[in-house]
Amino acid sequence: MSDKISFLPPEPIQLLDEDSTEPELDIDSQQENEGPISASNSNDSTSHSNDCGATITRTRPRRSSSINANFSFQKAHVSDCTIVNGDHGTKFAVWRITVFLEPNLKAFAAKRESYKIQTYKRYSDFVRLRENLLTRIKTAKPEKLNCLQIPHLPPSVQWYSSWKYQEVNLNKDWLAKRQRGLEYFLNHIILNSSLVEMTKDILIQFLEPSKRVA
């Protein structure tokens, strides 16, 4: 983060239902702008998949993307945000990112432990991630591009609302919509095995565990 920041007391804004253990991905509202993702129904869930190794399901992803020999990405959860004080009286939201991993080796799977990565990111970090991904896939062969589509991020504050930027950007409803959009974006990326294979170093750097600044 470019700003010198200090975290407020740990009282995250509650945007999700505490009773929900599995985050519901807001897929339907995104499909129109996100390329060829087809939907298929099963008995207990609604699944959206494509031919590029990505499957995003409302209850649980059916596939995972290998990040190394030991683990594959299983799903990402963008949860509570904390409002942070920046310089010059500014405030911004920092999101808690949890990425669950699925062990590839029986030795890890037998332990029945929950493997996950947790980090903290702000919206601008997602913007840089998307820019880096777009730059990387430009080097791909033309026939591969259909499998390397990068979804859009939830929108930033519109120019005509910039005069009240802080009020809009920290509004609870606005943050709830942004949370769903960021979660959709990240799951779309990490569950696309072709995209993960090509951008593995970028994703690993993005998911480096963060240290809170006192």
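Even glycines carry a Cβ here, placed using N, Cα and C.
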Feature phosphoserine, as given in Swiss-Prot - residue among Ser6, Ser20, Ser66, Ser156: Ser66
Of the residues Ser29, Ser40, Ser65, the one that Swiss-Prot lists under phosphoserine: Ser65
Range annotated as motif 'PxP' - as stated in Swiss-Prot, picked from 5-15, 71-81, 104-114, 203-213: 5-15
The domain 'PX' (73-213) - residue tally per DSSP class, helix then strand then coil: 72 helix, 34 strand, 35 coil
Averaged pLDDT, computed only over the residues in the domain 'PX' (73-213): 85
